[in-house]
Amino acid sequence: MAENTTTTTTEKKKLFIKTYGCQMNVYDSERMAEAMGGAGYETTDSPDDADMILLNTCHIREKAAEKVYSELGRFKGLKAEKPDLKIGVAGCVAQAEGEEIMRRQPMVDLVVGPQAYHRLPEMEAKTQEGVKALDTDFPEEDKFEKLKRRPKAKRAPTAFLTVQEGCDKFCAFCVVPYTRGAEVSRPVDRVLTEARDLVERGVREITLLGQNVNAYHGVHGGGDMTLAGLIWELDKIDGLERIRFTTSHPNDMMDDLIEAHGTCDKLMPYLHLPVQSGSNKILKRMNRSHDRDSYIKLIERIRTARPDLLLSGDFIVGFPEETEEDFQDTMDLIKEVRYGQAYSFKYSTRPGTPAAERPLVDPAEANDRLQRLQALLGQQQKDIQDSMVGKEVNVLYEKPGRLEGQMVGKSDYLHAVYVADPAGKIGDIKRVRIVESAANSLGGVLI
Ligand code: SAH
Ligand code: SF4
Ligand code: F3S
């Protein structure tokens with residue numbers, strides 16, 4: 001391996017990025033790779049031949065943060081063999097733990113927070129001089145403006161586009177307001193420019209991202225534009241066929257956005273709207289600032305606008321002081337709402353958050369609740385998926401399927417669908433009748 005460490009000026013250096021956490025980290029990793037492209041790096045799929053390893057990390061639960069340290073431990077051998085290898089930590093663990101990371105893992109050369117990664121090339125240059133680099137500022141300047149325009153390469157037919165970052169909600173369990181900072185929206189014209197660029201490169205579906213994406217209010221002319229306004233602007237882009245957005249907060253679900261679900265054809269009938277708990281007592285202690293009834297009423301209004309909408313949610317069980325009765329309130333809410341997709345977690349104590357000081361639910365009890373909750377959600381998911389059989393949907397092909405002449409892509413409702421279509425190409429949108437429901441996917445035939 002040692003003989004590979006010498007690079008000539010014409011040879012590109014290799015960057016290996018590993019991404020943890022939410023879709024915003026996926027987007028950020030792409031942007032970091034592009035930024036490092038300007039500094040002479042190309043990406044590689046293997047840490048073994050990398051000149052720089054970057055972990056883009058997540059701090060949301062204890063396990064997520066611990067994973068970073070064990071992963072770093074694994075790179076120790078590599079660094080010993082290859083002293084020029086640079087190791088960097090980005091993302092939410094970088095923001096939350098800063099210098100502590102270098103103290104725990106002295107071989108780390110660079111720590112960069114989610115709002116400072118436009119400075120990555122300068123930081124990398126510093127590490128080349130043998131100096132460690134740390135930047136966890138929330139700078140005044142807009143990192144997206146400092147980053148290079150995204151390269152002109154042909155792209156996959158789907159893409160993420162961050163339009164909003166940060167969170168002002170301060171749920172009692174959550175680190176995001178601390179790691180991502182206050183709510184900020186990108187200006188409308190910049191989002192539209194990026195969207196047009198993506199479409200020119202073959203993108204047909206864009207998922208707008210934000211920690212509270214429906215709190216979006218981007219500068220537009222002399223005023224402000226809501227997320228619904230932005231969606232209607234995107235709707236005008238020829239070649240862009242599908243629009244999605246995530247993650248939304250129930251309190252920011254404004255009338256114009258609900259209405260758009262009924263009137264904008266490009267806006268897909270899928271909504272991720274986390275509720276976390278069905279108990280009013282727990283919702284209050286979580287500082288969610290909505291209650292069970294207001295959430296259910298909101299769902300009714302959204303379903304009136306778009307009756308076939310597929311709803312997705314997030315749930316936490318075992319939040320401090322959650323009783324069996326509180327848990328049953330969550331189970332009842334799930335039965336009332338019916339979710340087509342769901343993510344559920346056992347409460348994890350996060351240092352520095354208000355709930356961290358409170359008494360924990362017995363871990364065995366919390367595990368048991370999580371199992372019961374997941375059994376119910378799994379059954380609902382399966383029932384809703386099975387109910388697609390016989391229906392017609394549009395499928396955007398993302399890649400070839402496992403079988404010869406088969407393509408696989410997502411339906412409007414975000415179900416994975418396999419279709420026998422020897423003439424099918426990546427990026428095609430085909431009308432398909434669903435004929436089969438398997439474990440995690442559907443089978444369809446061309447109409
Ligand atoms: N902004 C989104 C999602 C934030 S993080 C929202 O408001 O819903 C994604 C999910 O992780 C959350 O919805 C929550 O269900 C879960 N989560 C956040 N902090 C957690 C913690 N301390 N323990 C367990 N789950 C947590
Ligand atoms: Fe975290 Fe709550 Fe903000 Fe979502 S709304 S990111 S759960 S603090
Ligand atoms: Fe994790 Fe940060 Fe996303 S904590 S969920 S990577 S915003």
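One is the number of the first residue shown, and numbering goes on along the chain from there.
Cβ coordinates come from backbone N, Cα and C, glycine included.
Annotated in TrEMBL:
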- Cys22, Cys58, Cys92: [4Fe-4S] cluster 1 binding site (BINDING)
- Cys167, Cys171, Cys174: [4Fe-4S] cluster 2 binding site (BINDING)
- 13-129: domain 'MTTase N-terminal' (DOMAIN)
- 153-380: domain 'Radical SAM core' (DOMAIN)
- 386-447: domain 'TRAM' (DOMAIN)
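What TrEMBL annotates, mapped onto the structure for a quick look.
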residue	record	Cβ contacts under 8 Å, 6 or more apart
Cys22	[4Fe-4S] cluster 1 binding site	Cys58, Ile60, Thr247
Cys92	[4Fe-4S] cluster 1 binding site	Gly21, Asn25, Thr57, Cys58, His59, Ile60, Pro114, Val175, Val176, Thr179, Arg180
Cys167	[4Fe-4S] cluster 2 binding site	Cys174, Val176, Pro177, Arg180, Ala182, Glu183, Gln211, Asn212
Cys171	[4Fe-4S] cluster 2 binding site	Gln276, Met286, Asn287, Arg288
Integer average pLDDT (0 to 100) for the domain 'Radical SAM core' (153-380):
97
DSSP on the domain 'TRAM' (386-447): how many residues come out helix, how many strand, how many coil?
1 helix, 34 strand, 27 coil
Go through the binding-site residues Cys58, Cys92, Cys171, Cys174 and pull out the ones with a Cβ less than 6 angstroms from some atom of ligand 1.
Cys174
Just how many other Cβ atoms lie inside 10 Å of the Cβ on Cys174 ([4Fe-4S] cluster 2 binding site)?
21
Cβ neighbour count within 10 Å of Cys58 ([4Fe-4S] cluster 1 binding site):
22
Based on DSSP, tally up the residues of the domain 'MTTase N-terminal' (13-129) by helix, strand and coil.
63 helix, 24 strand, 30 coil
Do you know which of the binding-site residues Cys167, Cys171, Cys174 end up with C-beta under 6 Å from ligand 3?
none
Excluding Cys22, Cys58, Cys92, which residues of the same chain place their Cβ within 8 Å of the centroid of the Cβ atoms of the recorded [4Fe-4S] cluster 1 site?
Tyr20, Gly21, Met24, Asn25, Thr57, His59, Ile60, Ala64, Gly91, Val176, Thr179
Checking the binding-site residues Cys22, Cys58, Cys92: which ones have Cβ within under 6 Å of ligand 2?
none
